[in-house]
Amino acid sequence: MLAWLSDCFWQERLWFPEGLGWADLQDRDGRVYAKASDLWVTIPLALCFLIVRWIFERTVATPLAALLGVREKVRLRAEHNPTLESFFCNETKHPTQSSIESLSKQTGHSVRQVQRWFRRRRNQDRPSLLKKFREASWRFTFYLLAFFAGLASLIDKPWLYDLKEMWSGFPVLTLLPSQYWYYMIELGFYISLLFSVASDVKRKDFKEQIVHHLATIMLISFSWCVNYIRAGTLIMLVHDAADYLLESAKMFNYAGWRKTCNYIFIVFAAVFIVTRLVIFPFWIMHCTWVYPVTIYPPFFGYYFFNGLLMVLQCLHIFWAVLILRMAIKFLPGNEIVEDERSDREETDESEEEEGEKERERQEKTKNGPVRNGHPALNNNHSKTE
């Protein structure tokens, strides 16, 4: 059964134009071609990345955090309470007002104390500032090195300047050593991200990140197997061009360097929009969609490859919306551009403010919304988080 499925999956008519097949990619006359079996090396390479990351975060990222002045906030831990802990773990982390009042009666604590307990308990599960900085610095280092390594490997290649050269001689394209290592390192890194996704900082676009990692891994693997290597290297270069800027902006944000963070973010936004919303769809995708059909009839591999590119483009549009939302906040002169994907840490001050508002609502419910025909005065000043 497995052999039959393998034969069906690797049918030449699925992955190659008519008249071409796997035999055309057999090594001969000193010419080396990409093979699917080469991809197995990415698994141990991904594990090596996890080890290197662990060492890097402790020997490089942690001292760098101290040097840049990353300061950890002192978090007040929620006192042990079996009833509240059970509700927190089994029901919800954000109880409704009626649930809070019910829990208040069960535990003998006031409503404000229950609200404070849940706020502190939620903060305990949030990643620390140092953890965020370590993660950002690791990704910044990789994306920066990968971008310049990719640029160095492509700077003298004709398909960097004339995209039609991507398909010149396809699929009989000789594999270069620089292309081999560029592919293996990039694929190994994204597999390592998939391995560590459970322990990494979870943001609001967590599901989109999973889809992005899976689509990227499939795209790199597929383009390798059917020798779409020239197109693959260009796609990886375009994606690495902006990522290191975002990670560096995060690093300075965590360190409290607000102006530096904002300036880098503006540069990142410009590079992201140019590379992901202009170069990628109108140059690279245009060449992968339009030019190949002038050489050979469309086939399944053609649609599959471009379908994966379309998934990435949809994610680019999604993230571009988040970036523009942050840019709009920046334009009036805000002191900091916050990551729209981040889950902000809550404070006891904001909880007490909510408690004050709740007491006011209860007071209005008892005494009515007006007094002697006039609305009740509220002299409280709102606080900001």
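Glycine too: its Cβ is placed from the backbone N, Cα and C atoms.
The DNA-binding region annotation in TrEMBL covers 73-129. The compositional bias 'Acidic residues' annotation in TrEMBL covers 345-355. Annotated compositional bias 'Basic and acidic residues' per TrEMBL: 356-366, in sequence order. Taken from TrEMBL, the feature domain 'Homeobox' applies to 71-128. Taken from TrEMBL, the feature domain 'TLC' applies to 131-332. Residues or ranges marked as region 'Disordered' in TrEMBL: 339-385. Here TrEMBL flags 39-56, 140-160, 180-198, 260-283, 303-324 as transmembrane segment.
Helix, strand and coil counts from DSSP across the domain 'Homeobox' (71-128) read 35 helix, 0 strand, 23 coil. Within the same chain, residues 56, 166, 168, 176, 178-179, 182, 185-186, 189, 230, 233-234, 236-237, 240-241, 243-244, 247-248, 251 sit at least 6 positions outside the transmembrane segment (140-160) and bring their C-beta atoms closer than 8 Å to a C-beta of that stretch.
Under the criterion of 3 or more C-beta pairs below 8 Å, with sequence separation of 6 or more, the transmembrane segment (180-198) and the transmembrane segment (39-56) qualify as touching.
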